[in-house]
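Taking it in order: structure first as structure tokens, then the write-up.
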């Protein structure tokens, strides 16, 4: 008579992997809850600013928003552009809906809830769309509109790690998990360098 035993490795790899996932998911969940809440806040402020700007146009007023810091750092300059309503309605409405889902799933994960595979699949599709849309908006803002919106950049800042960390969780293997911090840092550096080289000293002019 033989007894089945759990396969082990010298480092206890299988055991560590299985036992660490709940903890990893709680940490990821806490991040998603915080990042999602920040995204909802930034998107809500942008939506309010859009409504305020439209109302000022109806009233014939020349309004300056609180985040209009210079000729090149200007929320109103970006919000008034065609790119700010890519699908025929204000882009921040997409952010409110999307980040609300991220926040909800983050809270569930942080509380220890196990999410089914289809939810992870749906979240992956969502973050791929989100990072693709944000990257397009970054290009439009930097190279075509020629202005930077502070609250838009808050959305950029939370979308990048959200995409990397969710993808690192869903992609098989540990490469992305092990290097996710470096990938996020390099992404931020590349974005900051692009802004610096395009705008340079004129950013605050």
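Any Cβ shown, glycine's included, is placed from N, Cα and C.
Positions annotated as region 'Disordered' by TrEMBL: 1-21.
Among the features that TrEMBL reports, compositional bias 'Low complexity' is placed at 1-14.
Per TrEMBL, the feature domain 'Vitamin K epoxide reductase' maps to 25-170. Per-residue pLDDT, averaged along the domain 'Vitamin K epoxide reductase' (25-170), amounts to 94 for this model.
Beyond the transmembrane segment (27-48), the same-chain residues lying 6 or more positions past its ends with a Cβ under 8 Å from any Cβ of the stretch are 75, 79, 90-96, 98-111, 149, 151-152, 154-155, 158-159, 161-162, 165-166, 169. For 27-48 (among others), the entry in TrEMBL reads transmembrane segment.
For 93-112 (among others), the entry in TrEMBL reads transmembrane segment.
According to TrEMBL, the feature transmembrane segment maps to 118-136 (among others).
The annotation transmembrane segment is assigned in TrEMBL to 148-167 (among others). The list of residues near the transmembrane segment (148-167) in space but at least 6 beyond its ends in sequence, with Cβ under 8 angstroms from a Cβ of it, reads 28, 31-32, 35-36, 38-39, 42-43, 45-46, 49, 67, 69, 72-75, 77-79, 95, 99, 102, 123-124, 127-128, 130-131, 134, 137-138, 141-142, 176, 180, 183-184, 187-188, 191, 195, 199, 203.
Here TrEMBL flags 179-199 (among others) as transmembrane segment. Cβ atoms under 8 Å from those of the transmembrane segment (179-199) belong to residues 72, 138, 142-143, 148, 156-157, 160-161, 164-165, 168 of the same chain, restricted to positions at least 6 beyond its ends.
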Surrounding residues of the transmembrane segment (93-112) on its own chain - C-beta under 8 Å, 6+ positions past either end: 22, 25-26, 28-40, 42-44, 46-47, 87, 119, 123, 126, 130, 133, 155, 158, 162
Residues from the same chain, set at least six apart from the ends of the transmembrane segment (118-136), whose C-beta lies under 8 A from its own: 86, 91, 94, 98, 101-102, 105, 155-156, 159-160, 162-163, 166-167, 169-170
